[in-house]
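Notes to accompany the following structure.
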Amino acid sequence: MTEVALIDAGGANLGSVRYALQRLGVEPRLVCDARGLEGAARVILPGVGSAPEAMARLNNQGLIEPLLRLQVPLIGICLGMQLLFEHSEEGDVPCLGLLPGRVRRLTPAPSIRVPHMGWNRLLPLRASPLLAEVPEGANAYFVHSYAVPLTTAAVAACDHGGMFTAIVQQGVRCGAQFHPERSAETGARILRNFLEMDAA
């Protein structure tokens, strides 16, 4: 069985991500320090809360440098995806810088609520193993106030008062702005695709 490291980033979604993986036949290893990453074939970075708090927690756990050196597939979920980028407007905080781009606050408008909360459509942009067998018009469940504008690494977008990156992949570095663990069959398929993607 593939060794999956699930980083305890302090978010409320940790248990639901673990349960989603268990439904796929995977018992993840909860990780609180660098030693926990040893031998992992896949790494998952979930996150709920604020970017400054999450980066401080990763620093306190001694996980920033190990994540920067990581060679195996990594996926960030929700805030975890935002942390993969260079900088977040939330608290004006530097992030991991594993992917080029900056996290911006969503702009509210009369018909656009922030936070963006609920089901919304995934709009594929280019081929990616993460999207294998995900049907056209699939929806995912979002809860966020910040997002990454479209980048060259984006493989799917979402429209909420403007387009933003919903799924990102650059080599083995991946992210989902939505919550796959709360996105029914679509989310389960994307998690399975991540677990099964080529590690090279």
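Yeah, the Cβs are placed from backbone N, Cα and C, and that goes for glycine too.
Feature annotations, courtesy of Swiss-Prot:
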ACT_SITE  C78  active site, nucleophile
ACT_SITE  H179  active site
ACT_SITE  E181  active site
DOMAIN    3-200  domain 'Glutamine amidotransferase type-1'
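Reported as a whole number, the C-alpha separation between E181 (active site) and the residue listed as 'active site, nucleophile' equals 11 Å. If you average pLDDT over the domain 'Glutamine amidotransferase type-1' (3-200) in this model, you get 95. The distance from the Cα of the residue listed as 'active site, nucleophile' to the Cα of H179 (active site) comes to 6 Å. Taking every protein chain shown into account, C78, H179, E181 are the active-site residues, and of these the Cβ with the most other Cβ atoms within 10 Å belongs to C78. Following the DSSP three-state reduction, the secondary structure of H179 (active site) is coil.
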